[in-house]
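Novice: Take a look at this one; I'll ask things after.
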Amino acid sequence: MAGTSRLSLLFAHLVLIAGAAVMMLPLYVAFVASTYAGADFLSGRVGLLPGPHLVENYRLALTTGSSTAGIPPVGPMLWNSLVVAVVIAAGKISISILSAFAICYFRFPLRVPAFWLIFMTLMLPVEVRILPTFEVAARLDLLNSYAGLTVPLIASATATFLFRQVFMTIPDELTEAAIIDGAGPLRFFWSILLPLSRTNIAALFVILFLYGWNQYLWPLLVTTDASYFTVVMGIRRLVGAAAEADPVWHLVMATAILALVPPVLVIAALQRLFVRGLTETEK
Amino acid sequence: MQAKRVTFPGKITPYLLLLPQVAVTLVFFVWPAGEALVSSLFAQDAFGLGSTFVGLANFAALLRDPAYLEAVGVSFLFAFCVTVLAMGLGLLFAAAADALGKAAGLYQVLLVWPYAVAPAVAGVLWLFMFDPSVGMIARALRTMGLSWNHMLDGGQALTLVILAAAWKQVSYNFLFFYAGLRAIPQGALEAAALDGAGPFQRFRHIVLPLLAPTTFFLLVVNLTYAFFDTFGIIHATTGGGPGRATTILVYKVFRDGFEGLDLGGSSAQSVVLLVIVVALTALQFRHIEHKVSY
């Protein structure tokens with residue numbers, strides 16, 4: 001900002017230090033908690049610095065869980081989350097880019113109705129139509145399967161709009177040149193449109209990966225078989241166990257860290273793409 | 001709706017390209033939404049064997065149901081607090097980061113990461129800090145003479161879910177406010193500074209009006225988030241309790257539908273939520289229309 005004095009710079013630093021501290025606090029507390037033994041919590045031995053049980057706790061959480069507290073191991077849940085997040089992101093991108101291509105580059109009678117049909121999905125978040133969607137999934141025999149975890153969430157109006165906007169900025173001359181050179185629609189799509197939308201696809205992938213990884217309600221409904229649990233929905237079982245007599249907060253916090261580190265790493269590594277994808281999908 | 005001037009010939013190709021998207025949309029969006037609409041007009045008998053057409057009786061019943069009206073109240077209070085807290089802090093941090101210029105880089109990383117955390121996981125992190133027996137904040141409050149137990153005290157439970165929900169959303173608001181502030185022309189601010197306007201006056205009379213579109217956009221996004229995306233936070237921390245203190249509308253649809261097995265009532269609630277989503281989306285699109293033309 002113009003005319004900022006030294007005092008106001010100092011003030012800005014103080015505000016941001018306080019802000020960063022508040023934002024980091026839950027993460028730090030969870031990390032510290034994940035390095036103590038279960039019994040340390042009740043006896044008040046958990047302090048402000050990490051304890052000695054880090055490796056042991058994470059190994060336990062990842063591989064065996066706690067059978068006494070009914071806690072499944074986190075390793076397979078992380079794998080399920082990865083599969084679900086990648087399939088949802090890749091699926092949303094592929095079906096949206098194809099439909100955007102159809103809507104932009106062809107003239108056909110049902111073009112406008114198709115556009116509005118896709119537009120409607122924007123208004124129907126899964127939270128709003130949970131029960132009937134669950135019934136549809138059950139009728140199609142999709143419960144306890146990767147297909148059930150992913151396909152119902154794959155339609156995306158936002159991604160279609162985004163690709164449509166990208167395509168509208170591509171000059172018609174390019175299409176004309178391609179047609180003169182004898183390229184059919186699929187050739188044009190593959191050799192020109194896809195390469196030109198590469199960064200948009202990457203940016204969108206980051207956002208949609210987070211969306212898929214962080215799904216909670218839908219996996220909770222369609223899975224009853226523990227081998228299909230994702231880590232974000234599975235964590236609730238641990239909380240239930242932690243509230244019981246058995247003090248397992250150390251395992252719950254280790255699981256929470258394991259559940260949040262992959263998406264946070266994706267954002268940290270691809271921050272530029274993430275911000276770009278976010279502003280483009282929303283605005 | 002405009003199309004490209006140069007298009008490809010083809011009668012079947014466009015339909016094949018649209019097929020996957022339209023199929024998923026019809027099966028998992030339109031069909032269930034239609035079912036919700038239809039069953040909101042029917043009453044299920046006690047054994048789930050048959051149903052009778054009751055018209056709008058399910059909706060009328062909602063309006064007379066004190067539990068539903070309470071959920072409406074809780075939802076609005078919750079959404080209001082989350083939005084004010086998350087937008088206020090987002091703007092404060094963005095203004096500070098904007099004042100620092102390039103030096104804000106590290107802060108940006110530290111402030112933005114909670115966006116990546118799942119709502120349910122965010123809820124669990126805050127739940128632990130406020131756990132009455134082992135949580136550090138609950139302990140600190142106790143030494144200050146305030147006994148904390150969100151499992152018994154409804155107001156405290158609501159405070160807990162508001163804090164968790166707002167914490168996660170600050171990042172998002174920060175990013176958009178920061179981008180908005182960066183886009184403000186420096187010339188106007190410098191001219192005002194030369195005319196003797198202090199930092200506060202410049203913020204009030206130049207920055208805030210120019211931020212108005214961003215603010216409006218964020219207002220809609222935050223309300224949508226608080227109403228619909230916070231299910232995970234509530235389900236993983238308080239389970240809507242104690243009593244009904246943290247039962248927001250989305251949570252009540254789930255509870256009545258899956259636990260209470262009241263299909264008609266739950267569907268009627270879904271339809272009400274649908275209307276809210278449509279209204280919020282329409283608001284958002286009116287805003288987008290000013291930015292880009294479809």
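Using the three backbone atoms N, Cα and C, a Cβ is placed for every residue, glycine included.
Whatever TrEMBL says is automated annotation, not expert-curated.
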Novice: Name the residue range among B:46-63, B:154-171 that TrEMBL annotates as transmembrane segment.
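Specialist: Checking TrEMBL against the ranges B:46-63, B:154-171, the transmembrane segment one is B:46-63.
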Novice: Do any residues of this chain, six or more beyond the ends of the transmembrane segment (B:267-285), have a C-beta under 8 angstroms from a C-beta of it, and if so which?
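Specialist: Distal contacts: 33, 35-40, 58-59, 61-62, 68, 217, 220-221, 223-224, 227-228, 249-250, 252-253, 256-257.
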Novice: Which sequence-distant residues neighbour the transmembrane segment (B:109-130)? Criterion: at least 6 residues beyond either end, Cβ under 8 Å.
Specialist: 93, 97, 136-138, 148, 150, 160-161, 163-165, 167-168, 170-172, 174-175, 229-237
